[in-house]
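Here's the structure we're looking at; comments come further down.
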Amino acid sequence: MPVADCESGLSPADVTGAGAANGNPGHWRSYYRHVLLLAYQSCGVVYGDLSTSPLYVYKSTFIIGSLRRFQDEEIVFGVFSLVFWTLTLIPLLKYVFIVLAADDNGEGGTFALYSLLVRHAKFSLMPNQEAADEELTSYYRPGYAPQETPILTALRRFLENHRKSRTFLLVTVLFGASLVIGDGVLTPPMSVLSSFSGLQVHSTALTSGEVEILSCTVLVCLFMVQHWGTHRVAFLFAPVVIVWLLLLGALGVYNIVVWNPRVLRALSPYYLVRFFQHTGKDGWISLGGILLSMTGTEAMYADLGHFTAASIRVAFVGLIYPCLVLQYMGQAAFLSKSPHCDIHFVFFESIPTGIFWPVLVIATLAAIVGSQAVISATFSIVRQCTALGCFPRVKIVHTSRRIHGQIYSPEINWILMLLCIAVTMGLRDTTLIGNAYGMACAGVMLVTTLLMALVIVFVWQYSCLVAALFLVAFGVVEAVYLSAALMKVPQGGWLPLVLSLVFVAVMYVWHYGTRRKHQFDVQNKVSLRWIHALGPSLGIVRVPGIGIIYSELATGVPAIFSHFVTNLPAFHQVLVFICVKAVPVPHVRDEERHLVGRIGPREFRMYRCVVRHGYKDVLAEDTDFENDLVLRIAEFVQMEADFDQRCSISDDGVVASVEVEGRMAVVPRPSDLARTGLLMREPGEEESVVARAAAAAKPESLIHSMHTMHEAESPGFASRRRVRFEVANQHTDPRVKEELSALVEAKHAGVAYIMGHSYIKARKSSSVFKKFAVNVAYAFLRKNCRGPGLVLNIPHISLIEVGMIYYV
């Protein structure tokens, strides 16, 4: 499978490090084999879109720029020269040699660049970043040491202190993500329609309408099978694309030799200059077609996390780049000697008659593979947006148990399918779709260039001059291409702009509402002084059981707690405040994921657990969550007692109490139960009849029977692992034993989940725009997205939702 080995295989860094350390040639051979294997696999995942560009580049270039009247050998050579230098400058020089080096712990893409900037400077708009997050292993790149210069310090302060600049940065990132989603709408129609249009070369009776219906049928089938996952056929992706690329290269060589070997001269930029001298404004407008030769380039960086930079470089330099150059050169040789050919089908007309049908079949398969790669990338970008609080919650399904990155979102899938069919039937012509496609491609690359310039300054800590040179060298070229694409806004170029504006509006409104809700929680959180004044009973009735309260606060007590106890003065004997929090790193290691601490003195039995996840982590269903939580709290209690013993902290003073309640510790899942002081038994294990009878006589047996009835109808809840905890007799500290006993008793009594069901309203004094954004747009999105209880896999029978109105 294309991604299986890259996520579970040998780490290139480890191999190189080992090889460098002991000089063993075997390690280097393993490393090279690993790189070549990943390079082979990347052909099917990364380069499917880029490899299908020869189907429509020359057609779009000559039609968009009205170059048919200039179609002579020198102009054709000029078009090829533009394609060659475009492929050399942007995909090869910019992406392969520069951008791929800006990985975020091996991950790439627009959000990887933004994550790097947020971690190395305070550019985030979300106020929930804590100092403890900076202690994560993956937070800073190895060997990072801040180096401040007067210019860098001034630039950093300007961006950090001006909220509008940080908002502009976020909107830029969201715009780039929206354009990637737009690619997911435009790539399937463009690729499939272009491949099927070849049928009209040898079947003149086939009408354009029939080609469109055939293309829509294939697109519907493609989206219908998404829920099955691509892992069953993914092993065919790389062979299909490699055969297609080798075929492109061979056809290119054939056309060069047969039609016009003089096309080799067009590698010189001389023909590029002559092209603009002859064509003028028409030549500039035709850049919108040249732009299509780069479609799919961003995938090299976006899919970096599935492979390695070395493997992607090897695949591009060793196979993709030479095959594409040969194909474009061969088409130019054919065009230069065939001035009367139908430019709409130039690729298929350049194919020798004897192999036309095999090439058409492989072209169709390559188009489907390229479309699948973009669809999967769209699912991935939506997941990342959701993790960072920039997209409404949608359902994420894992289609493979072995490959973590294979995901599927039903809502996004059907939206993409409807949009793809609408584009195919609405625009109909690949030239119009190409105008839209080029706009999206140029926009994504320009966003990457802008973010990359900031990374060069703030992350790599090079001088601003180096960043300026990078920005000028690539940004100016991409801006020229974008300006040419903008000329075709009335002829299809409006589509990616409309799609991007819609998606950016959805993302920003959701992020704005989420941010204002968090600010309200921070401003209205319960004072610890109020908690202390209530005493150990908190002024309410403490009932048996564990109450798990979900909150977005990583510190303090949320207002939902005081709202609940004010209206219903009873709560569980053990309270655990849980904050599921996204941090700006791609992945958080399991042993660093949970921060555990306590709120108030020991006798209050109030704890806090912060669950941290990266923007590429998925919150999968954890059937052992409750048991893991108990074990982690027990581990924290033991760690705290050990620390107290070492530091000789007294427990009878106010100072000790304050110090205790301020502690937070990273607590991994205990591998040794003896460290927790608890014994864990499976149901029925060493359980006496007397114990079972005593348990049945307890009031919570009724609750247990209700749970059992619900489990028969809820397989997901029934899959939760049931165990019984016992306190070991090894404790010498009576406080620890008492606290663990209370924890175990509460766990056996049952667990309830409390979550806020908030209604966000704009204040009456707010502007009309803010009222519309909060009261209408955000409320609509929140009502129609998945609830947080479903996302967090909370059992419905144990969930209590507390309604609150937030005036922001």
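Note: Cβ is positioned from N, Cα and C throughout, glycine not excepted.
What Swiss-Prot records for 1-34 (among others) is topological domain 'Cytoplasmic'.
Mean pLDDT for the topological domain 'Extracellular' (56-81) in this predicted model: 83. Among the features that Swiss-Prot reports, topological domain 'Extracellular' is placed at 56-81 (among others), with the record citing sequence analysis.
Residues or ranges marked as topological domain 'Cytoplasmic' in Swiss-Prot: 103-167 (among others). For the topological domain 'Cytoplasmic' (103-167), the number of residues in each DSSP class (helix H, G, I; strand E, B; coil) is 33 helix, 2 strand, 30 coil.
Sequence-distant contacts of the topological domain 'Extracellular' (189-204) (same chain, at least 6 residues past either end, Cβ-Cβ under 8 Å): 49, 52, 55-56, 211-212, 214-215, 218-219, 344-345, 347-349, 356-357, 360, 363-364, 366-368, 370-371, 420, 423-424, 427, 430, 433-434, 437. Among the features that Swiss-Prot reports, topological domain 'Extracellular' is placed at 189-204 (among others), with the record citing sequence analysis.
Marked as topological domain 'Cytoplasmic' by Swiss-Prot: 226-232 (among others).
The topological domain 'Extracellular' feature in Swiss-Prot is assigned to 254-283 (among others); the stated evidence is sequence analysis. Long-range contacts of the topological domain 'Extracellular' (254-283) within the same chain, counting only residues at least 6 positions beyond its ends with a Cβ under 8 Å from a Cβ of the stretch, are 65-67, 70, 73-75, 77-82, 84-85, 326, 329-334, 336-338, 350, 352.
Feature annotation from Swiss-Prot assigns topological domain 'Cytoplasmic' to 305-313 (among others).
Outside the topological domain 'Extracellular' (335-354), and at least 6 residues removed from its termini, the chain residues within Cβ reach (under 8 Å) are 54-56, 58-59, 62-63, 68, 71-73, 76-77, 197-198, 200-201, 251, 254-255, 259-260, 263, 360. According to Swiss-Prot, the feature topological domain 'Extracellular' maps to 335-354 (among others).
Per Swiss-Prot, topological domain 'Cytoplasmic' is recorded for 376-406 (among others).
Across the topological domain 'Extracellular' (428-439), DSSP helix (H, G, I), strand (E, B) and coil residues number 10 helix, 0 strand, 2 coil. Taken from Swiss-Prot, the feature topological domain 'Extracellular' covers 428-439 (among others), and the record attributes it to sequence analysis.
Beyond the ends of the topological domain 'Cytoplasmic' (461-464), by six or more residues, the same chain brings 146-147, 149, 151-152, 155 to within a C-beta distance below 8 angstroms of the stretch. Taken from Swiss-Prot, the feature topological domain 'Cytoplasmic' applies to 461-464 (among others).
Positions annotated as topological domain 'Extracellular' by Swiss-Prot, on the basis of sequence analysis: 486-491 (among others). Listed by sequence, the residues of this chain that lie at least six past the ends of the topological domain 'Extracellular' (486-491) yet keep a Cβ under 8 A from its Cβ atoms are 64, 285, 288, 431-432, 435, 438-439, 497.
Under the heading topological domain 'Cytoplasmic', Swiss-Prot lists 513-808 (among others), citing sequence analysis as support.
According to Swiss-Prot, the feature transmembrane segment maps to 35-55 (among others), an assignment based on sequence analysis.
Through the fold, the transmembrane segment (82-102) approaches residues 50, 57, 108, 112-113, 116, 266-267, 269, 272, 275, 287, 290-291, 293-294, 297-298, 300-301, 304, 309, 312-313, 316-317, 321, 324-325, 328-329, 445, 448-449, 452, 455, 459-460, 470, 474, 477-478 of its own chain, all at least 6 residues removed from its boundaries and within a Cβ separation under 8 Å. The transmembrane segment annotation in Swiss-Prot covers 82-102 (among others) and rests on sequence analysis.
The transmembrane segment annotation in Swiss-Prot covers 168-188 (among others). Outside the transmembrane segment (168-188), and at least 6 residues removed from its termini, the chain residues within Cβ reach (under 8 Å) are 49, 110-111, 113-114, 117, 123, 125, 159, 219, 222, 295-296, 298, 302, 370-371, 374-375, 377-378, 381-382, 384-385, 390, 416, 419-420, 423, 433, 436-437, 440-441, 443-444, 447-448, 450-451, 454, 495-496, 499-504, 507-508, 511.
The transmembrane segment (233-253) shares the most Cβ pairs under 8 Å with 314-334, out of the stretches 314-334, 440-460, 465-485. Below 8 A, the CB atoms of the transmembrane segment (465-485) and the transmembrane segment (284-304) form 3+ pairs separated by six or more positions in the chain. Tallying C-beta pairs under 8 angstroms between the transmembrane segment (284-304) and each of 35-55, 407-427, 492-512 places 35-55 first. Residues in the topological domain 'Extracellular' (189-204) partition by DSSP class (helix H, G, I; strand E, B; coil) as 12 helix, 0 strand, 4 coil. Sequence-distant contacts of the transmembrane segment (35-55), counting only residues of its own chain at least 6 positions beyond either end whose CB sits under 8 Å from a CB of the stretch, comprise 2-3, 5-6, 9, 12, 91, 183, 187, 191, 194-195, 234, 236-242, 244-245, 248, 292-297, 299-300, 303, 306-308, 310-312, 314-316, 318-320, 323-324, 327-328, 331, 347, 363, 366-367, 369-374. For the topological domain 'Extracellular' (254-283), DSSP puts the residue distribution at 25 helix, 0 strand, 5 coil. Among the stretches 205-225, 314-334, 492-512, the one making the largest number of Cβ pairs under 8 Å with the transmembrane segment (407-427) is 205-225. Secondary structure counts, DSSP: the topological domain 'Extracellular' (335-354) has 11 helix, 0 strand, 9 coil. Beyond the topological domain 'Extracellular' (56-81), the same-chain residues lying 6 or more positions past its ends with a Cβ under 8 Å from any Cβ of the stretch are 190, 194, 260, 262-263, 265-272, 274-276, 278-279, 282-290, 292-293, 328-329, 331-332, 335-336, 339, 343-347, 430-431, 434-435, 438, 488.
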